[in-house]
Amino acid sequence: MDKERILTPAVVFSVALLHLAIVALLWQAHKLPVIESGNVIEFVDLGDFGGGGGAPEGAGAPAAPEPQPAPDPPKPVEPPKPVLKPAVTKKADADIQQPKEKPKPEEKPKPEPEPEAKPAPKPAEKPAEKPSEKPAEHSGNASAKAGSEQGNGEGKGTGTKGDGTGRGEGSGKGSGGAKGEHGEGAGGSGGGTGVGSSKGNPLRANGSIPRPAYPALSMENDEQGMVVLSVLVSPGGHVESVKVVKSSGFSRLDNAARKAAQNGHFQANAWTEFKVPVKFELN
């Protein structure tokens, strides 16, 4: 195909040159000679135009012939123009392959998150049972039938109350003689009962504080709302920490409520977490 494309213009150009050469030869063969025209000078004798002999003027010499106009040169024959035929070239079909779409990988379904196991609620601590006073067993001497009195022995256990949980039991034994002697008893001691608390596991209670001062900018901007605080109090009433459980939507009101709770005083004999609502309202 490339060789045919190169030879076709060369052949057309060669044929055109041959036609031009033939036309030039024909033109030279039929070319007519050009007649050169010029000025003709004639000498005329003035005596011939009349004079002393009485002859009329102009009778002595014949009139000069009028010059004939030169014939028009023949028009040159225009050679036929060579007709150039457009070279037809065949275009090879481009071997273009459209890229095939790759199949999209199927999305695997995401595994649903397993629900977190909630810790089982702690059972409420039951107050320890108070130590029951058990009457001491009494025994008499079966062989002493003559004694009218029997001896009884008793024992009691005592304990003091304190923080924490515990159980204490007291027991006593007594023996009686035939003569009605008093028995001897011994009492046991044990811990008291009570509900314990710590900083990590404080008691829960509701509390309140006096209404704090309304921030000036909040009053100008007409800010209102309720703040719920979580106040951790140590034994003795000292405030350990203050957290905002529910915000009012305005930071100035939240900070005012937190500051008032931090400077407040609560009554607590154990670690206690108070839930304190503070309401800001413009009258």
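All positions are counted from 1 along the displayed chain.
Yeah, the Cβs are placed from backbone N, Cα and C, and that goes for glycine too.
Predicted, not measured: the structure shown is a model, and the values here were computed from it.
As recorded in Swiss-Prot, the features of this protein are as follows:
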COMPBIAS  64-83  compositional bias 'Pro residues'
COMPBIAS  90-137  compositional bias 'Basic and acidic residues'
COMPBIAS  150-178  compositional bias 'Gly residues'
COMPBIAS  185-197  compositional bias 'Gly residues'
DOMAIN    199-283  domain 'TonB C-terminal'
REGION    52-216  region 'Disordered'
TOPO_DOM  1-5  topological domain 'Cytoplasmic'
TOPO_DOM  28-283  topological domain 'Periplasmic'
TRANSMEM  6-27  transmembrane segment
Within the predicted model, mean pLDDT of the topological domain 'Cytoplasmic' (1-5): 57
DSSP residue counts for the domain 'TonB C-terminal' (199-283), split into helix, strand and coil: 17 helix, 30 strand, 38 coil
